[in-house]
Amino acid sequence: MTAPEEFNEDYTAEDAAVEVVEEDYGYEAEPATYAPVVIDRPVQTVGRRKEAVVRVRLVPGTGQFVLNGRSIEDYFPNKVHQQLVKSPLVTVERTESFDIHARLVGGGPSGQAGALRLAIARALIEVTPEDRPALKRAGFLTRDPRATERKKYGLKKARKAPQYSKR
């Protein structure tokens, strides 16, 4: 072990490692170009979250969403839910490659959006299995097991007890 530089007489500033960076070296990444995906049949998958169940058909197209016969803007007016639904397509950079037809049943908007995200991610790995690591890393292939806890008798809600009086 050597002493710190200020106490080491043999150490000079010239001995320190110097990193040389070339100015003309560019870091621009070329835009990823994907070949159009060819699938022989529509890919059908199911996603679930809370009480919501979503059945998705993925077909090659222009990035159009049809949810229970309505557009994504009509079905999910909340931008957060729209962004949540589109996130698997954004992750694999295929937002304009597929049309998505979905049938959503049960639950509320948040549960349906989560179920739709899972179904889209599952459909994408059926089309292109090499996208699986990116989707898995982003957490899109994990089924969220959380659901509403049941109400117990003797309690007002699942865990809320009636007021207790000591005397």
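For all residues, glycine too, the Cβ spot is worked out from N, Cα and C.
Positions annotated as region 'Disordered' by Swiss-Prot: 136-167. With a threshold of 8 Å between CB atoms, the same-chain residues lying at least 6 positions outside the region 'Disordered' (136-167) that come near it are 47-51, 87-88, 91, 114, 117-118, 121-122, 125.
The compositional bias 'Basic and acidic residues' annotation in Swiss-Prot covers 143-152.
Residues or ranges marked as compositional bias 'Basic residues' in Swiss-Prot: 153-167.
Residues in the compositional bias 'Basic residues' (153-167) partition by DSSP class (helix H, G, I; strand E, B; coil) as 0 helix, 0 strand, 15 coil.
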